[in-house]
Amino acid sequence: KVYMIAAGVIAGVYLLGIVVLFLGVKERDDPYALNSDRAIPFCKGLALTMKHGPYVKLTASFLLISTAVQLEQGNFVLFCTHAAGLRNHFQYLVVTILVSAVVSVPFWQKFLQRFGKKCAACGISWMIPFAVMLVTIPNLILAYFVAFISGLSIAASLLLPWSMLPDVVDNFRLQNPHGKGHETIFYSSYVFFTKMSAGIGLGISAAGLEFTGYKPGICRQSDDVILTLKLLIGAVPAVLILLGLFILLFYPITEESRKETKLALEELR
């Protein structure tokens, strides 16, 4: 019965979002396009976007980071239940993560405006040392602190790519001034890659737990399963986040180049 109520609430949220989108968002023509410009065909536009260096680096970086976040989120409850002895607290820990993520979004918005977007990306790595500490030293107070820090990092990982993607689109527009309609290709392909990261995270978790003999419904899992949960919470996300941030170091769009691109587009407009 509770699952049916939850399904109804989620369906209502979807409908509300669709209505707000349909009534509140107006589609406008590309202000930088000339009358003679033509929309880029999908296949050609997809090939161009996949060759665009800033977009490839941004997508590859956040594909790894999103996979790490999915691993953290997907296995946190199992880790608290079977590996950390926090069976009676995981609901409150999840709520702590969600509240921390929502509340910290304005902070990250101010931070990236003042210090830059690449600098704000370092906040994603905050969860690594605390998650490793939780794996090695399971403790209730530490678990709540890790949940709070994880919420901060998750908020940064969700906000940053959507604030950096418009810069990539502007950069592409400047390099390809006689085409229009490429924004939808950038955004739709990026959404595809984020969904793919969720699938990769679920696949890694399911394969690892099945290989080590995880059995749902039993009170105590084997030592191999507990070790796998610790790796899925600590080591694997840490490696993925560090790889993603390493790729992001080569992301070429800085605050200075972004301002130059904005001025050039205003002249074109």
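Numbers run from 1 along the shown chain.
Including glycine, each Cβ sits where the backbone N, Cα and C put it.
Bear in mind that TrEMBL entries carry predicted annotations, made automatically and left uncurated.
Pulled from TrEMBL, these are the features on record:
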TRANSMEM  6-25  transmembrane segment
TRANSMEM  90-108  transmembrane segment
TRANSMEM  120-137  transmembrane segment
TRANSMEM  143-165  transmembrane segment
TRANSMEM  185-209  transmembrane segment
TRANSMEM  229-253  transmembrane segment
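Pairs of Cβ atoms less than 8 Å apart link the transmembrane segment (143-165) most often to 90-108, out of 6-25, 90-108, 120-137, 185-209, 229-253. If you look at the transmembrane segment (120-137) against the transmembrane segment (229-253), you find at least three C-beta pairs under 8 angstroms, all six or more positions apart, and that counts as contact. Tertiary neighbourhood of the transmembrane segment (229-253): same-chain residues 53-54, 57-58, 60-65, 67-69, 71-72, 75-76, 78-79, 82-83, 118, 121-122, 124-125, 127-128, 131-132, 134-136, 164, 167-168, 171, 204-205, 208-209, 261, selected by CB-CB distance under 8 Å and a gap of 6+ residues from either end. Note on the transmembrane segment (185-209): residues 40, 42, 45-46, 49, 55, 59, 62-64, 66-71, 74-75, 78, 161, 165, 168-169, 172, 225, 228-229, 231-232, 236 of its chain, located 6 or more positions outside it, place their CB under 8 angstroms from a CB of the stretch.
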